[in-house]
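Colleague: I have a structure here, written as structure tokens, and I will follow up with some questions on it.
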Amino acid sequence: MKNKWVAGLAVASGIGIVSLAQGIQILANDGSEPIIIASEEGNQEPETIQTDGLDNNESEYEDVDQNNNENIQNQKDEVQQEEQFFAKEDQSEETIDESKLLESQEPVVSPNEVVDDLKSAGAGSAQYIKDGEYFIASSLNSDKVLDVNGGSKSNGGNVQIYENNGTNAQIWKVVYDKKGGYYSLTNKGSGKVLDVNAGLAQNSNNIQQYAWNGTNAQKWHIVPTTAGYKLVSAINPNYVLDLSGANTRNGTNIQIYQNNNTKAQSWIFQELINEVAYLDKLASQNKNTLENGIYLIRNTGTGKYLTVSNSSNSNGANIEITSTSNQETQKWKVEHDSIGYVTLINMNSGRVLDISGASKVNGTNIQQYDSNNTRAQKWITIKNGGALQLISALSSTLRMSVNGSNVDSEKNKGTSASQAWVFTKTTSIREEASNLASKNKGTVADGYYEFHSAINDKLVFDIAGAETKKGANLQIYTSNGTNAQRFKIITDALGFSSILNVHAKKYISVAGSASNFTNLSISDDNSNSWNEKWIFQKNADGTIKIMSAMNTNYVIDILSGLGKSGQNVQLYTWNGTNAQKFNLKKLNISDSSVQFSNSNYVSKWVHAHQNNYTDGREGNKITHITIHHMDGVSSAENCGHVFQNPNREASAHYGIGRNGEICQYVDEKNTAWANGNWNSNLHSVSIENSDGSYPTGHSLTTQTMNSLIRLVADIAARNVLGRLEYGKNVNVHGDVGNTACPGPYIRNNLSYIISSANRINGY
């Protein structure tokens, strides 16, 4: 005996969903994959179907699959089981039941199996499909829809079956004429209607698109069946829309054919609605499913954890699943936006979980990327048994899924463990560091300090060679009172401290990962970078432990615990030895006293007479380096003697001799009278260069040129001028004063001088 079954017809109110055969299908206006919402509740009026010899227990609707009773019951059980996860305390609020977002189960039948009509066709028949825009899918395969070949906009454009690609060539505007009881179907891409070629009612006659002319060749009756809907031609009720040969391959022709009640003549109407509005509502209803916090995320099918491949910090780095090692790259911060969407931020890289290219294609890879607040980076968490599913905000059919060891976005697989995830709360190293920083805030007050080793109080932190370039090494060295050994501590609101070298104007930084033996140097990447942040904690003996904010298990350590000048400083796990303990001695200096420093390349001071410069810079900072040339003077010292004449009314900050020797005449904190332009004087450091070919050429010796490049780089680094550019922060005397100085040689070599200085400073 044939079992009786009919696919559920659902009503979902509030978001513009209509009841269609085999379930409601929701599609976005941009043509994304449909969501098929199965249901047990019908919306058609019950009608008695006359049948022969039916059992009293049989349904009035004929089954299209003799084996479906068990499947239907399983679907009902799944719906009932998952509905509990979305119950609201306020039952008056309308909710979306995400358990019904599972793909509808197509009855597994032969293409030629009989499909019964549920209603009759003809003039004055009821409206079974409301007016709207639809994809019209074959009941043989709901992924294949009516399509105008090549997106043609011409009369006679052929109609075929094709995989749903969301284009306008596959969208049909369905309009019901109540008076005539028929429908017209207009293609959205062309504006032309579904038309029977030449208006002939004969088997295999072609279906095309054509401009509306009001003939019966363009009018259709839509009749519900047990497998979908039948489109009956108004030319002759014995002829219906038919998929040639019941073949669902792309490009198969659409025709009319005598009614034979097969699924080749049955169609599913998939209505287009605003999927974004639907997803927004779903996100809002599930915003409390998962709390904000830091989590390890485990896939239930594999038992492995969501991980950024190779602990990468780069945009585009792949997401995979690996065994847990409780590393930062496996920890994810959950944040909700105002609607309820979830963003997952990797605690190692700070980048977020992202669907590559914002693609809705099944199997698209998932990566990490800088946060950009797009829907490719937003998710909805819904309960799935004892785990969670993550629905993409791009399309309600897409879930975060495991494919081997890779993670991608795939169509909903229901209760498949490949799409089920367990979130376990954890803490991150950064969170632990923040707690420790807050607890120890104020241990060392902001100000200027020398860092003395507990191994030997005469040994202090020192920038090797008094270098100012990025990457210059940190060491311990015998105290000499220079600015290369002086540091400013700056503490932020959270309690993290930055350690700024007074001479180089750069921060003590971890030159790599937080691990044993990682070197320490100076950097100016960003004083807010984690590798430039430190936590001071007082030891029981009154000394200070200096912990890295990258990982507080690692502290500043003197290599091998050797107390000698030039010994390297590194990171190492805390072991409580004197190599990791320091005494910080506060200096009685202020910001104004260290705002300006002088170059360590100076071999001799030749002080200009006080009549030839001005104390201070009237509150201005150094923004430029101005290059000069001194005719006929062979040494830097002799140039300085010129500025010692009290009636000279001229000076410079530095001078370089033919042998490369550098002398200083005026402190950088003071204003030299060098440029013939007062505003320029207030903002610049001036450099005189000895003529190497007097009285012709104004050239420089190799020694002078090399010293000039080093001095320019040093001035730029100490005064934080950044990348040097001619006209922006480097100029020559003739640019600001009425003079030919420094002559053609230096002008012609400016590009070389600037690029060489930039290389020294890491640009």
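Glycine is treated like the rest: Cβ placed from N, Cα and C.
What TrEMBL says about a protein is an automatic prediction, not a curated fact.
Owing to the predicted nature of the structure, the values given are computational and were not obtained by experimental measurement.
According to TrEMBL, the compositional bias 'Basic and acidic residues' annotation covers 78-90. The domain 'Ricin B lectin' annotation in TrEMBL covers 132-270, 292-424, 448-585. Per TrEMBL, the feature domain 'N-acetylmuramoyl-L-alanine amidase' maps to 611-743. Residues annotated as region 'Disordered' in TrEMBL: 78-111.
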Colleague: According to DSSP, how is the domain 'Ricin B lectin' (448-585) divided among helix, strand and coil residues?
Modeller: 15 helix, 64 strand, 59 coil
Colleague: Run through the domain 'Ricin B lectin' (292-424) and tell me, per DSSP, how many residues are helix, strand and coil.
Modeller: 15 helix, 65 strand, 53 coil
Colleague: For the domain 'Ricin B lectin' (448-585), what is the mean per-residue pLDDT, to the nearest integer?
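Modeller: Value for the domain 'Ricin B lectin' (448-585), mean pLDDT as a whole number: 93.
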Colleague: Counting by DSSP secondary structure, give me helix, strand and coil numbers for the domain 'Ricin B lectin' (132-270).
Modeller: 18 helix, 69 strand, 52 coil
